[in-house]
Amino acid sequence: MSKDIVLISGLTKTFSSASEKLVIFDKLNFSIEEGKKISITGESGSGKSTFLNILGGLESADSGEIIAGSYKVHSLDEKSLTEYRSSFLGLVFQFHYLLKDFTALENVMLPALIAGRSKKEIKEKALSLLEDVKLAERKNHFPSQLSGGERQRVAVARSLINSPSLILADEPTGNLDPANAETVQNLLFSVVDKHKKTLVLVTHDQNIASMTDISYKLYKGNLEEV
């Protein structure tokens, strides 16, 4: 029997300036089924990245409840938020955020080391994840020695090192040329399926969105299935 990994109730988010008040979400109700790959499209400024930031505990909503797994994200203190981000979530952004003085392998291992796991314990898993994204032979290369697509593939591998339940990906191929974008996107879907993770993908590319299990369009504060 399927179950929901994320439940959102009454989510409200606004931005205010001196001249106007912009409503991003107005009492949004939404759920995400465990094990599904979903995509969110929408116009620039519609709130796609804001949605991911709120779900990821990187930004606060004005009101509403967000339950992700056993975490009540809307009411977590900073210590619990850190635990939520490091253990429950895997994050992939448009920019790779790799440390330039760390090799590909070391960059993949880093989140687990920060979480207090031993280097010996995680090295084998990090190598396996690099194999998943077809970069095992470049494990000792530094970011400057990798192409843009390869750097983003390292970021995909890194997102899985702490065995998260939910992967949040914000335009992960947005800075890549079409050929590299296709490679990275296919590998992201492949590793998500292999490791049985749930994926929430923000993209402007309708072709990529059509490859997910369910695609939603964010329009006027509502997520509508397309």
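Cβ coordinates are placed from backbone N, Cα and C, and glycine is handled just like the others.
Feature annotation from Swiss-Prot assigns ATP binding site to Gly42, Glu43, Ser44, Gly45, Ser46, Gly47, Lys48, Ser49. Taken from Swiss-Prot, the feature domain 'ABC transporter' covers 6-226.
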Query raised in the report: What other residues of this chain sit with their CB within 8 A of the center of the CB atoms of Gly42, Glu43, Ser44, Gly45, Ser46, Gly47, Lys48, Ser49, the recorded ATP site?
Result: Thr50, Leu218
Query raised in the report: Once the chains shown are all counted, how many other Cβ atoms turn up within 10 Å of the Cβ of Ser44 (ATP binding site)?
Result: 7
Query raised in the report: Looking at Cβ-Cβ distances, which residues of the chain lie under 8 angstroms from Lys48 (ATP binding site) while being 6 or more apart from it?
Result: Ile40, Thr41, Gly42, Asp170, Val202, Leu218
Report summary line: Sequence-ordered list of residues in the chain of Ser46 (ATP binding site) that lie 6 or more positions away and have a Cβ within less than 8 Å of its Cβ, or none, is Leu218, Tyr219
Report summary line: Counting other C-beta atoms within 10 angstroms, the emptiest spot among the binding-site residues Gly42, Gly45, Gly47 is Gly45
Query raised in the report: Just checking, which of Glu43, Ser49 (binding-site residues) has the fewest C-beta atoms within 10 Å of its C-beta?
Result: Glu43
Report task. Tell me, roughly as an integer, the mean pLDDT over the domain 'ABC transporter' (6-226). Result -> 94
